[in-house]
Amino acid sequence: AFDPLSASIVVGGAAVAWHLLSSESWLKCHFQECCKKNDTLNFTALKAQLDDRLFGQHLAKDVVLKAVLGFSNNPSPKKPLMLSLHGWAGTGKNFLSQILAEHVHPAGLRSKFVHLFLATLHFPHHDQVKLYKEQLQNWIRGNVSACPSSVFIFDEMDKMHPGVIDAIKPFLDYYEEVDGVSYRKAIFIFLSNAGGDLINKAALDFWTSGKRREDIQLKDLEPLLSVGVFNNKNSGLWHSSIIDRNLIDYFVPFLPLEHRHVKMCVRAEMTARGYVVDENVVQAVADEMTYFPKEQKIYSDKGCKTVQAKLDIHEDL
């Protein structure tokens, strides 16, 4: 016989189950990744991780921490957060962007809400710029529609064909919505070697004049970077409307790493591998790196990029 009470319990239970599994409930988000829409970043945890794992970059840490804290705590930002990280290879640009992505979406680069673009992989042909711009706009529009706090990382900006990146200019501007989509909670990060020579020269000038590295301030480098990158045909931002419209919130300089910073990287890598830190090995690996200028040999020309590979050959570990 049909029991109205039992039927109502079944229907009600099915409705609750449907709600729990169809919406971004705690149950659904326990089993699959959900978009973090309103959570503020754990500033203390982010700072601690950068202090422990990013070496020799007092400027980058300070600028990014303040920028991210202000953006995260703002319930109604006027535009997306746009950071452009500059410096030679191995200085920590990728590392910092990955750490930041993990604090926005815990799965980091594995998250379906964090998107990494490589210029040489995703935009390889100079004669297909128009197609790339259309694809890029569609991709960003679709992903921000699904998750307002999406993170987009563009690596190898110095290898990006001029004009491609201008496709995202409408999404970075001060608009409430573009075609019904708000981009104000998204984060965009550019990574580039362009401007590295300017940063290195400024760092060397400070060293030559007897000033402390830690005394270099953003105002000493940011104007040089914005102008230098805008006028550099190999920057990917050459004559870009993104710079012209002042849509990049911060040009973040990554300083060249000294011998002592390379040793910090070696210690961190040994610890990460579960090794007991042996200072003889630390010294040996750091000494195997090549440094510039040729006479003074102050800065590692590859930063910490080859530390892992060089550590591998030390069998006495």
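Note that Cβ sites are derived from N, Cα and C of the backbone, with glycine treated the same way.
Unlike curated entries, TrEMBL annotations are predicted automatically.
What TrEMBL records for GLY87, TRP88, ALA89, GLY90, THR91, GLY92, LYS93, ASN94 is ATP binding site. The domain 'Torsin-1A C-terminal' annotation in TrEMBL covers 257-312.
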Residue among the binding-site residues GLY87, GLY90, GLY92 whose Cβ has the most other Cβ atoms within 10 Å: GLY87
Any further residue of that chain within 8 Å (Cβ to the Cβ centroid of GLY87, TRP88, ALA89, GLY90, THR91, GLY92, LYS93, ASN94) of the recorded ATP site: PHE95, ASN193, PHE254, GLY303, LYS305
Three-state composition of the domain 'Torsin-1A C-terminal' (257-312), taking helix and strand from DSSP: 30 helix, 5 strand, 21 coil
Least Cβ-crowded entry, counting other Cβ within 10 Å, from the binding-site residues listed as THR91, ASN94: ASN94
CB within-chain contacts under 8 A for LYS93 (ATP binding site), separation at least 6: LEU85, HIS86, GLY87, LEU191, SER192, PHE254
